[in-house]
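What TrEMBL annotates here:
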- 79-143: disulfide bond (DISULFID)
- 92-153: disulfide bond (DISULFID)
- 123-133: disulfide bond (DISULFID)
- 260-270: disulfide bond (DISULFID)
- 388-398: disulfide bond (DISULFID)
- 506-516: disulfide bond (DISULFID)
- 53-154: domain 'SRCR' (DOMAIN)
- 183-295: domain 'SRCR' (DOMAIN)
- 319-420: domain 'SRCR' (DOMAIN)
- 430-539: domain 'SRCR' (DOMAIN)
- 1-20: signal peptide (SIGNAL)
């Protein structure tokens with residue numbers, strides 16, 4: 001009996017992973033069970049005008065947009081006068097969404113065309129149709145299209161929703177309105193694959209899953225379906241085997257065909273095709289159920305696919321994402337003239353965002369993000385007013401305003417994307433337990449032991465920020481805010497106390513904790529699990545420190561300073577290794593410079609240690625909130641370190657801020673330390689330890705490198721921009737600093753001129 005239970009449990013988990021691909025679309029748990037028919041089609045009084053609704057407009061997701069009404073053969077809009085969330089609720093429910101989230105006046109989604117059918121709408125929220133709400137009367141309005149109203153509906157659909165068409169013609173102007181959509185694997189070779197890439201396309205309508213007749217199906221439709229589920233493209237499949245399967249099992253067809261242009265990010269943005277004439281035996285007259293076979297991106301491919309690499313992988317990528325909490329999300333950066341820069345959000349929309357996503361081997365875009373919401377970049381703004389057709393292989397091929405690449409644009413307008421990615425079922429193998437809220441707790445993982453799946457803990461020894469980052473990303477909880485090596489205050493699940501994973505070391509970019517280096521079958525955790533199990537706390541936002549390279553370049557100089565004036569610096573190990581043998585009346589040669597450290601992230605940068613644990617340094621008469629805040633290194637042309645320095649964060653504060661932002665942190669009088677978003681902390685060249693001791697360095701050409709937050713003590717949204725590199729020439733008397741740039745800000749070919757350094761990467765521990 002126990003063995004049977006174990007096998008059943010394993011099958012249940014595999015089944016859950018196979019269908020995990022639908023969770024990210026916002027559908028309610030249990031949607032696979034078609035027995036729950038919670039929706040009943042509205043029965044309207046005979047005198048209620050028969051209308052159809054749709055969402056339209058610019059810069060929108062599939063579940064938001066300008067409200068448009070079809071009446072008497074013409075599409076029109078709704079005026080925002082007296083419109084409320086109750087009216088938005090009626091609109092969203094009529095379209096099959098579970099509820100309204102918000103609404104927007106003043107044509108947020110662009111101005112519509114045609115008549116304004118409703119004005120001064122008053123709804124209670126319980127009406128079954130917008131036509132039942134009180135108004136001036138249908139077609140009676142004194143509004144202009146600058147007052148067109150828009151709504152944002154929940155991703156979640158109404159269980160059992162059934163589309164009811166009241167139009168006798170113009171049906172092809174309606175958007176698809178179904179409860180759900182899925183790719184159902186049919187062949188045994190695909191049923192166990194994660195992610196699911198091939199199978200029937202099925203829509204859920206009226207609480208029942210139905211196939212789609214392939215009579216009018218096009219490759220553009222397949223492109224949209226694959227994009228929804230996180231795949232950049234589709235390919236041909238074996239039609240013969242599916243025809244055999246369809247003959248054996250009688251399909252149940254949906255009543256309509258589908259008409260997509262290929263640019264839609266979601267099926268609900270496609271138009272309805274014509275109504276199908278279904279024969280009594282429920283089969284297509286000339287076809288079979290629609291099948292799609294999607295091509296996964298390289299990171300999600302179950303096996304190496306050379307054809308995919310040719311189509312989608314570039315040896316030198318032209319686009320990358322930065323600052324996002326999860327894979328497929330981030331600020332868009334493009335490579336131009338050997339330098340990485342950003343895209344201005346003027347005219348930025350889902351079509352352009354989808355080009356970016358597909359270029360990166362992901363699906364269509366869920367959201368086109370504007371206003372630097374995912375953190376501000378550095379360097380140039382390369383593109384502005386981007387206009388893509390949707391079928392470009394790279395966003396760099398899209399037309400844009402050549403005359404004003406960055407004119408009038410600042411990094412406050414940096415564009416970003418959120419892409420559809422394949423659901424791999426990773427979330428089902430990890431959980432946080434015992435925390436006071438869903439964003440914190442002891443880390444518990446699901447591991448196969450003796451042919452069964454068991455929950456257990458992760459050894460806390462060596463657990464750090466990078467490992468916590470992977471956990472938070474895997475659970476979709478954003479960034480790590482803290483990593484804990486003891487979790488006695490989070491009891492967790494009693495039956496999961498045993499350690500099942502130890503020696504975990506992550507680079508921070510892995511999609512799953514299981515992808516990190518860790519001990520195999522033979523665990524090593526001297527302190528055991530329980531109170532010494534690993535834990536995390538996650539946050540939806542994180543800071544992002546970036547050093548200004550121009551300030552370093554402009555403030556560099558040499559100083560010969562007598563040893564007698566360097567006693568405090570000597571005590572804090574800020575001098576070279578030979579300084580201990582230096583007489584008090586001799587000099588040390590110091591390479592001095594200023595550091596201007598900006599916080600371009602989405603939350604304030606705070607030291608890891610609380611104020612009560614800061615260390616007092618009597619010599620300099622100040623507290624250190626972080627013992628090592630920056631590393632300063634002088635490297636030879638082969639990457640060998642010839643001189644080094646470091647800086648403790650004795651004072652993290654807001655030296656200056658962007659216009660409109662107030663300073664929050666000041667070190668005076670044992671004040672709170674940190675760097676506010678939009679502010680910067682300046683370590684002037686004339687303060688102690690703001691140098692590298694080059695007394696023993698021979699004349700020559702070198703690379704100067706600065707690394708902020710080198711031990712990853714504080715979580716950031718992007719560690720790749722924590723390095724600044726400069727060319728440096730020293731003739732024994734003078735020094736020249738030039739070509740200073742942020743690590744990873746240049747293309748690979750340009751970065752190759754700095755031998756011995758790894759482009760865009762901080763070596764982990």
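A Cβ is built for glycine as well, from the same backbone N, Cα and C atoms used for every other residue.
Bear in mind that TrEMBL entries carry predicted annotations, made automatically and left uncurated.
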Listed stretch, out of 53-154, 183-295, 430-539, that has the most CB pairs under 8 angstroms to the domain 'SRCR' (319-420):
183-295
Minimum Cβ neighbour count within 10 Å among the disulfide-bonded residues 79, 133, 388, 506: which residue?
133
So if I draw a 10 Å sphere around the Cβ of residue 153 (disulfide bond), how many other Cβ atoms end up inside it?
26
CB neighbours of residue 270 (disulfide bond) within 10 A?
22
Sorry to bug you, but what's the C-alpha spacing from residue 516 (disulfide bond) to residue 270 (disulfide bond), rounded to the closest Å?
40
May I have the DSSP-based helix, strand and coil counts for the residues of the domain 'SRCR' (430-539)?
19 helix, 40 strand, 51 coil
Where among the disulfide-bonded residues 92, 260, 398 do you find the Cβ with the fewest other Cβ atoms within 10 Å?
398
How many other Cβ atoms sit within 10 Å of the Cβ of residue 143 (disulfide bond)?
18
Looking at the disulfide-bonded residues 123, 516, which one has the fewest other Cβ atoms within 10 Å of its own Cβ?
516
Round to the nearest Å and give the CA-to-CA distance linking residue 92 (disulfide bond) with residue 133 (disulfide bond).
14
For the domain 'SRCR' (319-420), what does DSSP give as the number of helix, strand and coil residues?
19 helix, 31 strand, 52 coil
